[in-house]
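Record features (TrEMBL):
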REGION    1-26  region 'Disordered'
TRANSMEM  54-71  transmembrane segment
TRANSMEM  92-112  transmembrane segment
TRANSMEM  118-138  transmembrane segment
TRANSMEM  186-207  transmembrane segment
TRANSMEM  233-252  transmembrane segment
TRANSMEM  282-301  transmembrane segment
TRANSMEM  321-338  transmembrane segment
TRANSMEM  350-368  transmembrane segment
TRANSMEM  384-407  transmembrane segment
TRANSMEM  419-440  transmembrane segment
TRANSMEM  446-465  transmembrane segment
Amino acid sequence: MGAGWSSDEERQPLLGPGLGPGPGAARRNREAAAVAVALPAAGPGPGRVYGRRWLVLLLFSLLAFAQGLVWNTWGPIQNSARQAYGFSSWDIALLVLWGPIGFLPCFAFMWLLDKRGLRVTVLLTSFLMVLGTGLRCIPISDLMLKRRLIHGGQMLNGLAGPTVMNAAPFLSTTWFSADERATATAIASMLSYLGGACAFLVGPLVVPAPNGTSPLLTAESSRAHIKDSIETVLYAEFGVVCLIFSATLAYFPPRPPLPPSVAAASQRLSYRRSFCRLLSNLRFLMIALAYAIPLGVFAGWSGVLDLILTPVHVSQVDAGWIGFWSIVGGCVVGIAMARFADFIRGMLKLILLLLFSGATLSSTWFTLTCLNSITHLPLTTVTLYASCILLGVFLNSSVPIFFELFVETVYPVPEGITCGVVTFLSNMFMGVLLFFLTFYHTELSWFNWCLPGSCLLSLLLILCFRESYDRLYLDVVVSV
């Protein structure tokens, strides 16, 4: 969308100069709405939706699912990967770090989304994933070279992150009406997290742990058995990504013939003006930090959940199940919350306050439970499951609500640019934490304390935030 969609003709505002963004936009929108009511319709206006929008959403969501699945391949099976490929602690951390490192060229992908549209950006993203998953499957007996190929594949998959994480609001605005946008954003953004959750399930179930192989096997045959199991997962992921790329190449239109809403048809700010607007908007910076800090901390924490739970004698399989259910619960609740936000508009801040109140309490519960020698709280499988799952539900379900609030706050800044900035900040926090983890991996209690601290800080920022709904106002008033 941005300043234009594809050609020079398409870059002209479909609503005319009265409804474009800029100083006094709200006043001009009200005046134009009054005029629009008084004048007869000259032809079909914005507001039509197409059934194919669900197919577009499905293809994008599957791509996001696969990207999250590939990114989190190694975290849940890190002990097995150490034995099969000789990975060190630094290697394991770097395999997770390729996710946030992939966001370094985030602004290039935002520019591509803004200037070339959704189809070109999604095709490039899926092609990078095909290359990345293919590199990991090259049969090489040299373990050093194999490790490098795996790192190269994870890096290419990380480069796909900016699109699958940032383009969900762009897609929902382009294809969906105002009363479906939050739901579409939730589905498109949550499927990436669901892919990461399935990695917690698939990895430990398919790949045996080093101490889970038969005692009759020798050390060499045990390593070979684990390696074969890992390669089965890698080949399966490569096949899934190739299938999604083929489907996207066959059919993924950049936009519908007619826009679904007034906001989708209106002109947006240019790339440079958008950054100036974002960096000068204190309200946006406040809510961006409220999103980036806790979600970045939680993403890094989830990526090494096995390491964190090892000192409290939780197995690799149990850690996988905890990670799986925490993310699945967050996806289900996030979509439900977004659907609720579509029905009852103007409640995004209240929803976030409730979610982060729960996140602060559940993260504090988990941290104190891990310190049971001091707090004397019961440390059982039930308490660990309950606290981790609740934490994941509250934090993950806040993502689509945040995305919608970002877009409403800084409209008419293009959706891809807005969400790109905040996800870039979130991945910066995640990368910094994982970097420190490589040096302080023997003592992880400090990592647990980062969770309640970041959630409490975010809760205070949201409480002080003054919400506005500029895009929704344009849709509701001008559509009347």
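Backbone N, Cα and C atoms are what each Cβ position is placed from, and that goes for glycine too.
TrEMBL labels come from automatic prediction, so no person has curated them.
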Exercise. Near the transmembrane segment (54-71), which residues from the same chain, at least 6 beyond its ends, have a CB less than 8 A from one of its CBs?
Worked result: 96, 98-99, 122, 125-126, 129, 132-133, 154, 157-158, 160-161, 164-165, 167-168, 171, 175, 184, 187-189, 191-199, 202, 237, 240-241, 244, 247-248, 251-253
Seminar exercise, completed: One stretch in 118-138, 350-368, 384-407 has more Cβ pairs under 8 Å to the transmembrane segment (446-465) than the rest, namely 350-368
Exercise. Of the listed stretches 118-138, 233-252, 321-338, 350-368, 384-407, which one has the most C-beta pairs under 8 A with the transmembrane segment (186-207)?
Worked result: 321-338
For this session: Return the stretch with the most CB pairs under 8 A relative to the transmembrane segment (350-368), choosing among 118-138, 282-301, 384-407.
Result: 384-407
Exercise. Taking residues 6+ outside the transmembrane segment (282-301), which of them lie with a CB under 8 Å of any CB in it?
Worked result: 96, 99, 308, 352, 356, 359, 391-392, 395, 398-399, 402, 405-406, 409-410, 418, 421-423, 425-431, 433-434, 437, 447-448, 450-451, 454-455, 457-458, 461-462, 464-466, 468
